[in-house]
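Everything below concerns the one structure shown next.
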């Protein structure tokens, strides 16, 4: 592996471009995934992904589908850069004499990458989930007063919640990621932003263990020769297949993480005291199928996101920009 491939600035550029493009394209589906995963039996506001998106547009407007997107767009660059660069770094050190890695070592490198990325992923997911789930809770609050779907569509309700007590307050007030982060830091310290860290590790480490070896082997099949790179379309398809497979495989962990990181609950929604308590309550009250909530949405989110990331990564967009950008501008 060349030093150019291990260039951190290049990985930041590749990760940033891929993340921004990917998040912009698939964020509405990610919002639907979060809302579907947080639904309980008997309190379903949405029947499917499309039903969720349609109701979101009707009640919150088009940009309602992008609640929490600013957090993702801000932090996706370091997240993707850490994930991809860490995997490269671990693969580089695990390789011996330029020989190919065994599947076990590829999984080990992916495990290390997953453990590194949670530094950014956990607070990003924590803030994003609060904003994404706001519309679901707002719609649920309307049910007791028998507001019809057509009237609900016209209200464009803004959720008002207390992020420390978990209870809804009476006067509607818009919330933002900055406000949520400030409140958490003031009341709980830095650990407030890292609530659900264990569940995030449970999701991201197995995801990387599955994704990176699977992608590497699929991508290898598209190489014309051992010394040549695979075509960009093959890298994209390999990223899509590997990403969607890994996403569905770890979806139960993603459901647990989403539930744990949701600070506020709807009417009669239970709270959880850790990962095992969450798993037990979901199994007892909703059954095993609850762990597959949002699996289709998650696959649709992850597939293009990682497909685009791998295209940027292997085409070398970041390396090209660094090689051709005026050095005088880079020094500013």
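Just so you know, glycine gets a Cβ as well, placed from its N, Cα and C.
Taken verbatim from TrEMBL:
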- 6-93: repeat 'Solcar' (REPEAT)
- 101-221: repeat 'Solcar' (REPEAT)
- 230-319: repeat 'Solcar' (REPEAT)
- 12-32: transmembrane segment (TRANSMEM)
- 299-322: transmembrane segment (TRANSMEM)
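For the repeat 'Solcar' (101-221), the mean pLDDT of the prediction comes to 77.
Remark: secondary structure over the repeat 'Solcar' (6-93) totals 73 helix, 0 strand, 15 coil, with classes taken from DSSP.
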